[in-house]
Amino acid sequence: MESLLLPVLLLLAILWTQAAALINLKYSVEEEQRAGTVIANVAKDAREAGFALDPRQASAFRVVSNSAPHLVDINPSSGLLVTKQKIDRDLLCRQSPKCIISLEVMSSSMEICVIKVEIKDLNDNAPSFPAAQIELEISEAASPGTRIPLDSAYDPDSGSFGVQTYELTPNELFGLEIKTRGDGSRFAELVVEKSLDRETQSHYSFRITALDGGDPPRLGTVGLSIKVTDSNDNNPVFSESTYAVSVPENSPPNTPVIRLNASDPDEGTNGQVVYSFYGYVNDRTRELFQIDPHSGLVTVTGALDYEEGHVYELDVQAKDLGPNSIPAHCKVTVSVLDTNDNPPVINLLSVNSELVEVSESAPPGYVIALVRVSDRDSGLNGRVQCRLLGNVPFRLQEYESFSTILVDGRLDREQHDQYNLTIQARDGGVPMLQSAKSFTVLITDENDNHPHFSKPYYQVIVQENNTPGAYLLSVSARDPDLGLNGSVSYQIVPSQVRDMPVFTYVSINPNSGDIYALRSFNHEQTKAFEFKVLAKDGGLPSLQSNATVRVIILDVNDNTPVITAPPLINGTAEVYIPRNSGIGYLVTVVKAEDYDEGENGRVTYDMTEGDRGFFEIDQVNGEVRTTRTFGESSKSSYELIVVAHDHGKTSLSASALVLIYLSPALDAQESMGSVNLSLIFIIALGSIAGILFVTMIFVAIKCKRDNKEIRTYNCSNCLTITCLLGCFIKGQNSKCLHCISVSPISEEQDKKTEEKVSLRGKRIAEYSYGHQKKSSKKKKISKNDIRLVPRDVEETDKMNVVSCSSLTSSLNYFDYHQQTLPLGCRRSESTFLNVENQNTRNTSANHIYHHSFNSQGPQQPDLIINGVPLPETENYSFDSNYVNSRAHLIKSSSTFKDLEGNSLKDSGHEESDQTDSEHDVQRSLYCDTAVNDVLNTSVTSMGSQMPDHDQNEGFHCREECRILGHSDRCWMPRNPMPIRSKSPEHVRNIIALSIEATAADVEAYDDCGPTKRTFATFGKDVSDHPAEERPTLKGKRTVDVTICSPKVNSVIREAGNGCEAISPVTSPLHLKSSLPTKPSVSYTIALAPPARDLEQYVNNVNNGPTRPSEAEPRGADSEKVMHEVSPILKEGRNKESPGVKRLKDIVL
């Protein structure tokens, strides 16, 4: 029993030191418990001690070692420690003071739990003696105090429950003395208290009782029979009462241990001593040792093993053969010496199962197995060292009582699916003993490898027109993993081929990787295409890789050449050539297209039938040329069968019939070579592109300059009829639009200018009028469409309007005039006939002259066109430096748009046809507007002194402008924006010129004759206007300087047959000062001091004869004037003189 407890205790001591790897649990249970008794809940206690138990594991515990596997065990799932059978401590541990069962349990989390179960002893056994009766023979000669050992009682219980004392039936002759052996057991000796006398009593009977330490104590009794014999005076005597010897373990049988010797001085049989084991010597000891009864030699009879038992006690007695012999006793203690006779023993326990398996994804440090090495030897003989042999990705981690095998590198099952490991253990004895154990570690598979294609790029060549379903190629991917991890399936990655899914072109077998064509390929449509094949395994998660497959479609000669030139009708082409064409004349060029490639698409030409003797064909370029000349006697037509064939293995061809006609009307032109139409086409496109580019640059520069000029010039000064006609006569360029004054003219030039004005002024009118009629297809406004409607508002000032048949044209051109004139320019005043509101007149002193017509009458008629009255506009002051936005002016002129339905939009074409001549109309409308202003309005020109500064500079220009150029500030207005009227009509920004006519004016108009009714006399009566009053014009809009040549007035006045119905065009600035009436003149002309021609004209007017009152100028009918001016304008338009061109440039 002690031999079993010592290794367990040693193991527990070693495990206790490994606090980081072990947890100790201690329990106790009483003996004699039935099987299935629950000792403890190890799972609960282990969890409380810090174990990380996985509840999902079916087996939470695994028993590593168990000192009593037949007695106790642990349930692997519940963790309950239970008894397997009834435990008898007396048999398990015998006399050991403590009886402990040790278990080592490993949890699923690789934590080790050491369990110690102490078996508690119960007083369940009573002391017993080896025999039922003890018989003794005591010589009567025994002296008092003689001690005779008695057989000891045996109690299997341990400790206090063992034999504690002996009792003898009370008497006077004998007594008992209790003694203790070295192992703690107690025995009794019979002591002779008094001398014996055999003759008195030769036999005694007593009872000896053995008692244990229980409560109540258990007892065992034995009978003692004492026979008093005759005396043998000398007893054998040992030299020593105790002997101690040692013997090596594994000593062979008959190995002497000790020789005992007891002396007896008696002679004969009384002195002959015999030896024997006496007392309590167990059976195991008797098996190991024996004593020679005659010699007293103790020898070895069994196999001594230090690990089984290393100390034995032998009780030996010696007695003589004489009667009444009293034996002598001694104790022999035999110690077994340990030798290195046990090699280390290696025990391997896998963590997961009986087989050592580990996943290839196990990280370094992962425990795969537990190794326990034991050596039954002691000391250095039992101290063992272990190591792992071989170059393997594992290592051995040693502890005091066990070792672990850990992963020490990267595992790859695909390279090594198993490893053969050898563990070697050796002790420290002399000689050294060692042992080895080999085992196999299986590497389990993980899905750690992607499928790998044999090559990343596959290419297959297939001819077009293949059969759908034809096999193309096979792709192969290998996955070194096992099972589902290594099973590879294939699929095509979705993509597009010519805007169609690739699945409509090819398919793949998911298991074998065979790729098939789903359609018949056409090389002319698709020469090659690519797609990707995806290979993925069946692992979780699945791994995949892809490869590119390129399908090249070879061309097959499946397309017949198609003749494209000359054009065929039902397979026949007709060609005309001159009859006098010579040899080598190019008749036609035969062209054929073949959609195949290479030799399959290379086309050559030939003539197979027909009049081949007259013509030849170039086999490469298809040129058909004459080989002889044709005379007058030649027939008029020839036939040729032209064949175009390709050069495929199976040649395909196309033929056409070419009819060649000889035509005498054509001029023979020998063709020296073929004309490269593509080159001509490219050259033409390049030329057109170059011309367009240059044109765009020119237009951009022109527009940029025009935009700058809009901000530069004072339009109110340059758009007078004087400036316009001056440019036309003198040949000034478009820079005149920047001018704000007229250069002085010499007297000689004055006369020439007057003649030119008289002629070219008429041409301007005809030119403008003629274009207006040419471009007008839509309905015009006639006099029948115009009627006068009485006004509801009474006005004190009325106006007389000069009649003009071209007023409708003026109204039609007003819209264009509004859009084309620069900002701030005056509109045609014939479109602004209205009554001036006296309350809105501005009497500023900045303006010198004021002209007005005074009319008498209760109501002012409104102008009605096509049944729709034109809106009225109130007059308001307008400063010359105030420039409205173009958009505002266009909006304000919307009332007069398209009065005659004429479109003023440019068609974008250069042709001057009836429908697309709007662009030309716009080029002439400016002149028409100016002429109509002259013909329809009689207003005296006025102006003021021009400031002294450069004509090309603005009011804000500085010295640096002449060097660095002008900025936006230079073109800003000089004066702030005036305050306008808040009337609704004012918002529309329509500026009206109100003209007041006096009674004298009415009479003057009437003097022209009752048949000459003008537009100004509609609704007027001659008697309402006194003839004595002089006309006074009140111009509501003018500018600082009004420039008007008097010669122009005289020329135009002559054209009006003496009835002055035309006035110089005034600039758009409100004239605010009144002019005194002068009976000697019809009109007062504004004087511009810098102009000498104006000065001379004023002098002529002041000093010339006064016309009689009956010859006062009346409003003239402009139809007659236009009739006379039109031929002049037509002549100027046809000649396109430089002056006309310059005038067009100015207008545009």
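Here the Cβ of each residue, glycine as well, is placed from N, Cα and C on the backbone.
Note that the structure is a prediction, hence the values are computed from the model and not measured.
As recorded in Swiss-Prot, the features of this protein are as follows:
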type: BINDING; residues: Glu31, Glu32, Asp88, Asp90, Asp124; note: Ca(2+) 1 binding site
type: BINDING; residues: Glu31, Asp90, Asp121, Asp124, Asp157; note: Ca(2+) 2 binding site
type: BINDING; residues: Asn123, Asn125, Asp155, Asp157, Asp212; note: Ca(2+) 3 binding site
type: BINDING; residues: Glu140, Glu199, Asp233; note: Ca(2+) 4 binding site
type: BINDING; residues: Glu140, Glu199, Asp230, Ser231, Asp233, Asp266; note: Ca(2+) 5 binding site
type: BINDING; residues: Asn232, Asn234, Asp264, Asp266, Asn270; note: Ca(2+) 6 binding site
type: DOMAIN; residues: 239-346; note: domain 'Cadherin 3'
type: BINDING; residues: Glu249, Asp305, Glu307, Asp341, Asn342; note: Ca(2+) 7 binding site
type: BINDING; residues: Glu249, Glu307, Asp338, Asp341, Asp377; note: Ca(2+) 8 binding site
type: DOMAIN; residues: 350-453; note: domain 'Cadherin 4'
type: BINDING; residues: Glu360, Asp412, Glu414, Asp448; note: Ca(2+) 10 binding site
type: DOMAIN; residues: 454-563; note: domain 'Cadherin 5'
type: BINDING; residues: Glu464, Asn522, Glu524, Asp558, Asn559; note: Ca(2+) 13 binding site
type: BINDING; residues: Glu464, Glu524, Asp555, Val556, Asp558, Asp596; note: Ca(2+) 14 binding site
type: BINDING; residues: Asn557, Asn559, Asp594, Asp596, Asn600, Asp646; note: Ca(2+) 15 binding site
type: TRANSMEM; residues: 679-699; note: transmembrane segment
type: COMPBIAS; residues: 906-921; note: compositional bias 'Basic and acidic residues'
type: COMPBIAS; residues: 1109-1123; note: compositional bias 'Basic and acidic residues'
type: COMPBIAS; residues: 1130-1148; note: compositional bias 'Basic and acidic residues'
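For the domain 'Cadherin 5' (454-563), the DSSP counts in helix, strand and coil order read 7 helix, 52 strand, 51 coil.
Classification of Asp212 (Ca(2+) 3 binding site) by DSSP places it within a strand.
Sparsest Cβ environment among the binding-site residues Asn232, Asn234 (other Cβ atoms counted within 10 Å): Asn234.
Cβ neighbour count for Asp90 (Ca(2+) 1 binding site): 21 (other Cβ atoms within 10 Å of its Cβ, all protein chains included). In sequence order, Asp596, Asn600 are the binding-site residues from Asp212, Asn234, Asp377, Asp412, Asp596, Asn600 with a C-alpha within 10 Å of the C-alpha of Asp558 (Ca(2+) 13 binding site). A 10 Å cutoff on Cβ-Cβ distances gives Asp341 (Ca(2+) 7 binding site) a total of 16 other Cβ atoms nearby, all chains included. For the recorded site, Asp341 (Ca(2+) 7 binding site), the DSSP three-state label reads coil. Counting every protein chain shown, 19 other Cβ atoms lie within 10 Å of the Cβ of Glu307 (Ca(2+) 7 binding site). On a Cα basis, Asp377 (Ca(2+) 8 binding site) lies 7 Å away from Glu307 (Ca(2+) 7 binding site).
Excluding the listed site residues Asn557, Asn559, Asp594, Asp596, Asn600, Asp646, the same chain places Asp555, Asp558, Thr560, Pro561, Tyr595, Glu597, Gly601, Gly648, Leu652 with Cβ atoms within 8 Å of the centre of the Ca(2+) 15 site Cβ atoms. Ranked by how many other Cβ atoms sit within 10 Å of their Cβ, the binding-site residues Glu32, Asp555, Asp596 place Glu32 at the bottom. The most crowded of the binding-site residues listed here (Glu524, Asp646) is Asp646, judged by how many other CB atoms sit within 10 Å of its own CB. Look at Asp90 (Ca(2+) 1 binding site): DSSP puts it in a helix. For Asn342 (Ca(2+) 7 binding site), none of the binding-site residues have C-alpha atoms inside a 10 Å radius of its own C-alpha, out of Asp155, Asp230, Asp264, Asp555.
A 10 Å radius around the C-alpha of Glu32 (Ca(2+) 1 binding site) takes in these binding-site residues out of Asp121, Asn125, Asp212, Glu360, Asn522, in sequence order: Asp121.
For the recorded Ca(2+) 10 site, residues Glu360, Asp412, Glu414, Asp448 set the reference point as the centre of their Cβ atoms, and the other residues of that chain within 8 Å of it by Cβ are Ser361, Leu411, Arg413, Gln415, Ile443, Asp445, Glu446, Asn449, Pro480, Asp481.
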